[in-house]
Amino acid sequence: MAAPLTLLLIVAVTIRAVLFRSSWAELISERVEVVSPLNAWKRVVEGLALLDLGVSPYSGDVFHETPFMIYLFHFVVDYAEIVFMIADGITAVALYLSIQTYNKNVFRKQKYALESDRYPADCLELLRSPKEMFYIPLKVAMFYLLNPFTILSCVAKSTCGLNNAIIALFILCTLKGSALLSGILLALATYQSIYPLTLFAPALLFFLQRLYIPVNLRRSSFWFFTLQYAFIYVGSLVVITGLSFFLLGSWDFIPSVYGFIFSVPDLTPNIGLFWYFFAEMFEHFRLFFICVFQINVFFYTIPLSIKLKEHPVFLIFMQIAIISIFKSYPTVGDVALYMAFLPAWSHLYRFLRNIFLVSCVLLACSALFPVLWHLWIYAGSANSNFYYAITLLFNFGQILLVSDYFYAYLRREHHLTHGLYLKKKDGTEATLVLK
């Protein structure tokens, strides 16, 4: 599989290099769907200019990236295009290796279950074959590298691509069983944008499952490993934050980065849910609704962790999707990361109920974003309501997509336990309902 992956990387780099040299690059870098006030390249350049002048890049209200990011580009700003292409390549390879490792684990568990006769006889058609699973890692890499959302994000030089690379490496280290590297990379991802904090739960569940430690609050082994992993994570986060202070010489980055993410002061339109709502919000209600909106990202972690405690990899997918939908400044680069996982769940297609509708909605919204933006900003024949309507529809499509996969995953697991053809007590066919 090394040759197809190499060819895929060459094709992906070629597409990006051509677009970097085209007249489209500047237009793409201005698109509000592709960049946000947090990750726009122009703001990084402004921060670098302030740093070169000996002024704190956080002294104004322009730069909102982390100190690590600005010092990285302080040394490689002349090779920024190469850096972003390498980041996309690292993300794709990490996802490829992650899904490859995941498929091996799934096949091994499936083999043991078959040998111990745990599956009902009528659900053998639901089991995954090695031939079916062989090309899935390559498809995942392809879904990421050739996704128009990823390409646009790279050409715009959005720092979202670097954040995706960190999360992909975290997933790889987690699935490879390295708790130390997993905790460090998760701390780095949290340092970059806070929201990956919710990935702590699925990573912990994966390691507990790998080490055959039951999730039992009365077991000392559970608490020992939980505290051990939490210490690695929190300790790494403290060290990274401390290094940022020594690099910058002040704590100005904390309100400028994390305060900016949580308080949402910049209401530049984007593909998220925040900007229009808070543009219309009375100031004395603002704090309450900020808390309501922000809690969405974190609220689902506990119930999903309880429901999917035996399936931590699917939980990681769910959490990444929730982050990309409910974060304060989302871009299409965030959407591309969780969409890359869809080929890994190809065995769920038979149970998906709304995949055609969702695909049409997401494609139509992607096409209408620039159209309605032009009508609003340039032609003056529309207003912000039009653009926010298509934003709401796009997020509705994402929520429907994620919930459909959640339903399909649980339904397949139910069939693997109770059989494919379920009957009621009176002998008629039963229908599964997700509650």
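Numbers here mean position along the shown chain, with the first residue as 1.
Every residue gets a Cβ built from N, Cα and C, even glycine.
Under the heading signal peptide, TrEMBL lists 1-25.
According to TrEMBL, the feature transmembrane segment maps to 79-99 (among others).
Look at TrEMBL and you will find 194-213 (among others) tagged as transmembrane segment.
Beyond the ends of the transmembrane segment (225-251), by six or more residues, the same chain brings 56, 58, 66-68, 71, 179-180, 182-184, 186-188, 190-191, 200, 203-204, 207-208, 211, 213 to within a C-beta distance below 8 angstroms of the stretch. Here TrEMBL flags 225-251 (among others) as transmembrane segment.
Marked as transmembrane segment by TrEMBL: 257-278 (among others).
According to TrEMBL, the transmembrane segment annotation covers 285-302 (among others).
The transmembrane segment feature in TrEMBL is assigned to 314-342 (among others). Tertiary proximity for the transmembrane segment (314-342) is limited to same-chain residues at least six positions away from its ends with a CB under 8 Å from its CB atoms, namely 33-39, 91, 95, 99, 140-141, 143-144, 147, 149-150, 152-153, 158, 160-161, 164, 167-168, 171, 174, 193, 195-196, 198-199, 201-203, 205-206, 261-262, 264, 266, 270-274, 293-294, 296-297, 300-301, 304-305, 308, 395, 398-399, 401-402, 405-406, 409.
For the transmembrane segment (354-379), same-chain residues at least 6 beyond its ends with a Cβ under 8 Å from one of its own Cβ atoms are 31-33, 148, 269, 271, 386-387, 390, 393-394, 396-398, 400-401, 404. Per TrEMBL, the feature transmembrane segment maps to 354-379 (among others).
Summarising the annotation, TrEMBL assigns transmembrane segment to 385-407 (among others).
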Tell me if the transmembrane segment (385-407) touches the transmembrane segment (194-213). I count contact as 3 or more CB pairs below 8 A, with pairs 6 or more residues apart. no
Mind pulling out the one from 79-99, 257-278, 385-407 with the most Cβ pairs under 8 angstroms to the transmembrane segment (285-302)? 257-278
Long-range Cβ contacts under 8 Å made by the transmembrane segment (257-278), restricted to residues 6 or more beyond its ends, are 32-33, 36-38, 58, 61, 64-66, 193-194, 286, 289-290, 293-294, 325-332, 335, 369, 373, 384, 387-388, 391-392, 394-395
